[in-house]
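Novice: Here it is, the structure, as structure tokens.
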Amino acid sequence: MSQSPNHPGRPDPDELLALALEAARRAGELLRDGRPADLGVTATKSSPIDVVTEMDVAAEKLITGFLAEHRPQDAVLGEESGDSRGRSGIRWVIDPLDGTVNYLYGLPGWAVSIAAEADGETVAGVVAVPMRGETFRAVRGGGAYRRGGIGAAAAEDWQRLRCRPSPPLSQALIGTGFNYVTEVRAGQAEVVRKLLPLVRDIRRGGAAAVDLCDLAAGRLDGFYERGLHPWDLAAGELIAREAGARSGGRPGRPAGRELSVLAGPGVFAELQPLLEEWGAWHD
Ligand code: IPD
């Protein structure tokens, strides 16, 4: 594998991207074509409504197996399999099925999300949304792109993404998501109660990775959520940032478990202080 021109010793992010694209394509096909008619829940995690299906596990096995074949020395953080150490400085951050509840109910808003980190920094990310026929990708510093989906020119053409120019918050369409833990949700409901009268409207799509790509594609003006895991965030955050979104958590902190806020710069500047004032990062 060739090395990054900017960081000698690191693999070229485009080569990591190519692996992520192929792994996401294979996992997306498995999930789309292999969904059993009688799909059920095989386990629960943080609460009884935080579910795992046999297909989450099968998709993660496919992805980790594929990556291990090509890059056996890399570390992996997967939603279903946890953390495994590596020796290369590269770590793959994988959500094999973001939007598991949508998938369980037969709703189309679910995705495969794969990011590659080099020494802790996300350098490549892919989000595949198979039921829309749409794939999003980004390499750090190289812009964000989408292929396929509604209004796409030709199925194989990659189209550069830019966030929508920021409207005032009162005209902004804001995406969000809700945690699976009841106490966290109660706090999130309170924040939505305060935000809803101040914005154009709110959307809850059910898959954070898809929301972040929709932000990148100009289909949302902003997004926030408390409690996201690295696998929900990594690829979508890079894609949104490369499309021009600002990303952060509480003021001065990066997006993460505590709070993630991503939006065009104008909306970000209005939204982040309100979320801070309302204590959107705690119960
Ligand atoms: C969930 C989705 C959802 C978000 C939750 C995530 P999962 O991921 O991204 O939109 O609100 O916080 O946990 O469980 O479907 O992989």
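We number each residue from 1, going along the chain as drawn.
Cβ coordinates come from backbone N, Cα and C, glycine included.
A TrEMBL annotation is a machine prediction, not a hand-curated record.
What you see is a predicted model, and the numbers here were worked out from it, not measured in a lab.
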Novice: Of the candidates GLU79, GLU80, GLU117, GLU242, which does TrEMBL annotate as part of the Mg(2+) site that also includes ASP95, LEU97, ASP98, ASP232?
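Specialist: Given ASP95, LEU97, ASP98, ASP232 bind Mg(2+) in TrEMBL, the matching entry from GLU79, GLU80, GLU117, GLU242 is GLU79.
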Novice: When a 10 Å sphere is centred on the Cβ of ASP232 (Mg(2+) binding site), how many other Cβ atoms does it contain?
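Specialist: If we count other Cβ atoms within 10 Å of ASP232 (Mg(2+) binding site), we arrive at 25.
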Novice: Using an 8 Å cut-off from the Cβ centroid of GLU79, ASP95, LEU97, ASP98, ASP232, can you name the remaining same-chain residues around the Mg(2+) site, in sequence order?
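Specialist: For the Mg(2+) site, the extra neighbours are ASP56, ILE94, PRO96, GLY99, THR100, ALA111, SER113, ALA207, ALA209, HIS229, TRP231.
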Novice: Output the one of ASP95, LEU97, ASP98 that, of all these binding-site residues, has the highest number of other Cβ atoms within 10 Å of its Cβ.
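Specialist: When each Cβ's neighbours within 10 Å are tallied, ASP95 leads.
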